[in-house]
């Protein structure tokens with residue numbers, strides 16, 4: 001059965017890295033007999049330029065009917081003072097598709113260990129996933145700003161916590177069978193509920209070990225002993241901070257993919273880096289995050305584990321051969337890096 005993939009190339013280096021990702025997908029698809037159609041739609045700044053809105057109606061309708069969505073990058077300086085900004089499109093599509101779970105793998109590549117700000121012994125064996133609740137919590141609560149007083153409401157229901165917990169435990173079943181739930185249970189009421197629901201959900205997964213960490217302790221462990229983690233799950237605010245902290249461990253944003261999942265609808269896959277308008281159009285952008293996002297899509301939306309592993313192994317091999325883009329300390333262009341990965345498939 002042919003799968004429908006909606007592509008949102010967006011802005012800046014987005015079209016360049018999307019082309020790279022689709023080139024790799026095309027090669028892998030021929031090897032694993034994966035049939036798909038691509039439906040390219042404007043989004044972000046490209047949506048504003050085309051139709052005056054970062055999430056045009058036709059783009060949203062296509063996304064809703066897709067089997068998966070690939071997003072490259074959005075934003076740029078031309079929109080800094082605009083009344084409508086590209087980032088509003090990302091918030092809107094998350095809301096419209098109910099993308100409640102953000103998944104960010106954190107892995108250290110042997111060939112890139114020297115880029116990490118941590119000592120080699122600290123990052124040895126680091127391979128974990130941050131699962132962030134994306135649609136609840138303080139970001140979506142009421143925000144009240146008065147003359148000399150302000151407050152923000154942090155609100156979570158047991159059902160919201162339960163669904164993100166179950167997602168984390170299911171991911172852990174396919175990995176190291178360990179979940180670290182992060183909260184601030186010693187202070188916050190929402191965290192007391194968070195921990196209670198985590199304990200309840202853990203009973204549904206007897207093969208997975210659950211541990212609790214306070215967020216301040218977890219932030220320290222992520223630097224002093226990150227290899228301790230397998231699957232980290234936490235609420236929106238803590239996840240926003242900790243996922244960004246974790247992203248510095250590999251020493252570059254250029255090799256980190258991510259996914260955002262709904263309960264029953266399509267998932268969205270994207271690199272964690274931005275649109276890099278300063279190098280757009282020069283053919284020097286690092287496509288690896290986009291290519292690994294394609295691998296995540298194959299595994300998580302289509303259960304094509306073989307295809308995902310082919311891509312991941314090809315990326316490993318390419319880096320080990322010393323083929324590096326400029327952000328990684330080499331001279332390879334976007335096209336050269338992509339061609340090398342395709343060759344190593």
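Placement of Cβ uses the backbone N, Cα and C atoms for every residue, glycine included.
The NAD(+) binding site feature in Swiss-Prot is assigned to 76-87, 274-286. Taken from Swiss-Prot, the feature substrate binding site covers 94, 104, 132, 216, and the record attributes it to sequence analysis. The feature Mg(2+) binding site is assigned by Swiss-Prot to 216, 240, 244, with sequence analysis given as support. Annotation source Swiss-Prot lists site 'Important for catalysis' at 139, 184, citing sequence analysis.
Location within the structure of each feature annotated in Swiss-Prot.
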{"residue": "80", "record": "NAD(+) binding site", "Cβ contacts under 8 Å, 6 or more apart": "none"}
{"residue": "84", "record": "NAD(+) binding site", "Cβ contacts under 8 Å, 6 or more apart": "48, 52, 53, 54"}
{"residue": "94", "record": "substrate binding site", "Cβ contacts under 8 Å, 6 or more apart": "134, 135, 260, 268"}
{"residue": "104", "record": "substrate binding site", "Cβ contacts under 8 Å, 6 or more apart": "129, 130, 132, 243, 246, 247, 256, 258, 272"}
{"residue": "184", "record": "site 'Important for catalysis'", "Cβ contacts under 8 Å, 6 or more apart": "191, 214, 215, 216, 238"}
{"residue": "240", "record": "Mg(2+) binding site", "Cβ contacts under 8 Å, 6 or more apart": "132, 139"}
{"residue": "274", "record": "NAD(+) binding site", "Cβ contacts under 8 Å, 6 or more apart": "12, 73, 75"}
{"residue": "282", "record": "NAD(+) binding site", "Cβ contacts under 8 Å, 6 or more apart": "none"}
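The residues near the Mg(2+) site, meaning same-chain residues not in 216, 240, 244 whose C-beta sits within 8 angstroms of the mean position of the site's C-beta atoms, are 215, 219, 237, 238, 239, 241, 242, 243, 245, in sequence order. Annotated pair residue 244 (Mg(2+) binding site) and residue 278 (NAD(+) binding site), C-alpha to C-alpha distance, rounded: 22 Å. Neighbours of residue 139 (site 'Important for catalysis'), defined as other CB atoms within 10 A of its CB across all chains, total 15. Spread of the substrate binding residues is 28 Å (greatest Cα-Cα distance among 94, 104, 132, 216). Classification of residue 76 (NAD(+) binding site) by DSSP places it in coil, neither helical nor stranded. Following the DSSP three-state reduction, the secondary structure of residue 104 (substrate binding site) is strand. For the recorded site, residue 286 (NAD(+) binding site), the DSSP three-state label reads coil.
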